[in-house]
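Here's the structure we're looking at; comments come further down.
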Amino acid sequence: MEQQRKEATERLLSSQGHDNLFYSEENDGVGVGDGGLVAVSNFTSILGLSILTAACITFGFGCAIGYSSPTQSSIMEDLGLSVAEFSLFGSILSIGSLIGAAISGKITDLFGRKLTMWILNLFYIGGWLAIAFTKAPWLLNLGRISLGFTNGISGYLAPIYIAEITTKHVRVMVGSGASFMYVVGSLVHWRTLALLATIPGLLQLLLIFFIPESPRWLANVGREKELEAALLCLRGDKADISDEATEIKNHVESLKSFSRGGIVVDIFQKKYVRPLLTVVGMMVLTNLGGINAFVYYSGAIFVSAGISSMVGLITLAATQTVVGILSSTIIDKLGRRPLLLVSSAGLCFSSFLTGVTFFLKDFNWWDQGSPILAFIGLLMYMGSYALSAGLPGLLVSELFPINVKGSAGSICNFMGNSTGRVVGYYFNFLTEWSSAGIFFTFSAFCCANFILIATMVPETKGRTLEEIQASITPSSD
């Protein structure tokens with residue numbers, strides 16, 4: 001075993017570009033060619049690089065969804081787009097997301113987490129370049145679809161990769177580029193903004209060279225030597241990785257043995273129905289609660305409520321950033337359910353408050369106060385969303401075992417993006433029907449989401465993936 005670990009570790013280090021390093025049993029670490037020593041504990045920095053890579057994915061995800069809000073008026077003016085044509089541009093992101101979501105689980109299972117990142121970067125960078133240099137609406141929409149395809153997969157890939165490489169104490173890292181889009185998009189031309197949005201993808205291209213593959217994916221495909229080497233780089237302690245590797249391999253083997261026993265392990269089995277319906281329900285209700293409308297068209301909503309778009313978007317970005325940082329620091333202390341409950345309650349109330357604002361505006365009541373209410377409602381809505389952003393995707397990675405995780409992720413993302421597409425496209429038309437009515441409708445869906453979370457979502461705080469999945473879907477079922 002020690003010889004296998006040595007060979008696997010040196011092979012991984014070489015593939016990561018560390019040709020001057022070798023495994024040193026004598027020093028219980030990783031040696032360097034000139035006789036010096038780099039302690040294995042120092043290689044836990046690889047864990048930091050891996051998390052940073054996933055953060056780049058989520059930041060790029062936010063850049064894509066936040067781009068249309070600060071650029072609506074300038075793109076429409078420069079390219080001569082109508083409201084319907086810009087609505088298509090804003091919502092067509094969801095069409096690409098639908099395609100990506102439909103294959104997200106399968107492609108990450110087939111190619112692995114790391115190779116999938118390479119593929120996504122081609123679509124991500126290519127999409128932004130198409131938008132930045134477009135002269136015609138069709139290329140603008142093509143670039144947007146490409147970004148949507150990336151989002152459809154990365155919305156599943158990022159939380160899955162984070163959950164599979166970290167311990168139960170370090171599992172969540174959610175970053176959003178939407179705030180970056182809101183602030184910078186208010187200051188620069190929309191073509192420049194598109195070029196700036198390629199930065200997360202370019203940075204990710206560099207980071208991918210230094211990060212390992214997911215240990216759980218390696219175990220699932222039977223690459224045990226690389227599994228131990230990856231864990232050694234991520235954890236830096238031979239005793240710890242030996243126990244963890246054994247736990248991961250035993251968990252994966254139990255799933256395979258269960259399948260060989262004559263029962264097809266499938267996502268539609270009875271034992272997976274509850275977690276599947278729970279996560280699908282959360283994603284569908286979150287989208288029907290209006291998140292795409294708020295994100296895509298927040299600038300236009302501010303203007304229609306009588307508020308400066310620039311002031312509103314910059315304040316919105318600051319709110320999202322502060323709440324996002326707060327969420328990342330407290331999630332493993334308070335747990336998933338409390339954050340989800342507070343978030344859904346905040347979304348419900350803020351949507352209702354925004355609806356009241358437009359109701360007052362429609363009847364010319366309290367003209368001086370209604371913009372203030374709209375401002376508070378929008379900030380509260382986006383702040384509430386930032387509090388739980390990424391948690392439904394995280395639950396997919398935590399609740400489902402490796403053998404059905406891909407199928408679960410594809411179904412959940414596809415259903416969520418389907419409803420997001422409907423809301424994103426029809427929002428501008430529905431506001432012409434009744435601005436107040438559409439926000440009251442959003443509030444009702446957010447209320448339904450609160451009830452779903454309160455009655456169906458389990459707490460996963462402080463447990464390993466294997467412990468969570470054993471408690472949710474015991475093999476004895």
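Even glycines carry a Cβ here, placed using N, Cα and C.
According to TrEMBL, the feature domain 'Major facilitator superfamily (MFS) profile' maps to 48-461. Annotated transmembrane segment per TrEMBL: 46-67, 79-103, 115-133, 194-211, 276-295, 301-327, 339-360, 372-396, 433-454, in sequence order.
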Taking a Cβ cut-off under 8 Å, which residues six or more beyond the ends of the transmembrane segment (433-454) line up next to it in the same chain? 278, 281-282, 285-286, 288-290, 293, 304, 337, 340-341, 344-345, 347-349, 351-352, 354-359, 361-362, 427
Dominant neighbour of the transmembrane segment (301-327) in 46-67, 339-360, 372-396, by Cβ pairs under 8 Å: 372-396
Using a Cβ-Cβ cut-off of under 8 Å, list the residues of the same chain that are 6+ residues beyond the ends of the transmembrane segment (115-133) and lie near it. 53, 57, 60, 64, 67, 107-108, 139-140, 142-147, 149-150, 153-154, 157, 191-192, 194-195, 197-198, 200-202, 204-205, 208
Count the CB pairs under 8 A between the transmembrane segment (276-295) and each of 79-103, 194-211, 339-360, 372-396, then give me the winner. 372-396
Could you please provide the mean pLDDT value for the domain 'Major facilitator superfamily (MFS) profile' (48-461)? 83
